[in-house]
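Per TrEMBL, the features are as follows:
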type: DOMAIN; residues: 39-74; note: domain 'EF-hand'
type: BINDING; residues: D52, D54, S56, F58, E63; note: Ca(2+) 1 binding site
type: DOMAIN; residues: 78-110; note: domain 'EF-hand'
type: BINDING; residues: D91, D93, D95, K97, E102; note: Ca(2+) 2 binding site
Amino acid sequence: MSMTDLLHAEDIKKAVGAFTAVDSFDHKKFFQMVGLKKKSPEDVKKVFHILDKDKSGFIEEEELGFILKGFSPDARDLSVKETKTLMAAGDKDGDGKIGADEFSTLVAES
């Protein structure tokens, strides 16, 4: 399954394009623009599993830096600052990684 099976390619393109400047990434706006906010909890979990590249059941900080590439291969990497901000927003239990439930909560709060 790919991201375009779950989200519209045009929405992905627009959302990724809106945050091309370094340190401009806003996960709340991004999740809304990409259409994730309107998806069912099951679809949000499917998106999580696509982003969980090593299939560990968690998105670790290293994977989080490449989150935009999960939506579009030619997207940029997040800066260290953006990655840390996103991790802080998503990591509710403080274990240094984001699980599927935490990701769902992060999207729901957007």
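Easy rule for this one: first residue shown is 1, then count along the chain.
Any Cβ shown, glycine's included, is placed from N, Cα and C.
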The one of D52, D54, E63, E102 whose CB sees the fewest other CB atoms within 10 Å, among these binding-site residues: D54
Minimum Cα separation from S56 (Ca(2+) 1 binding site), reported as the residue among binding-site residues D91, K97, E102 that achieves it: K97
D91, D93, D95, K97, E102 excluded, remaining Cβ within 8 Å of their centroid (Ca(2+) 2): F58, G90, K92, G94, G96, I98, G99
Same-chain residues near the domain 'EF-hand' (78-110), Cβ under 8 Å, at least 6 residues beyond its ends: 22-23, 25, 27-29, 31-32, 36-37, 39, 41, 44-45, 47-49, 51, 57-61, 64-68
Protein Cβ atoms within 10 Å of F58 (Ca(2+) 1 binding site), excluding its own: 19
For F58 (Ca(2+) 1 binding site), the one of D91, D95, K97, E102 that lies nearest, given that the binding-site residues are compared by Cα: K97
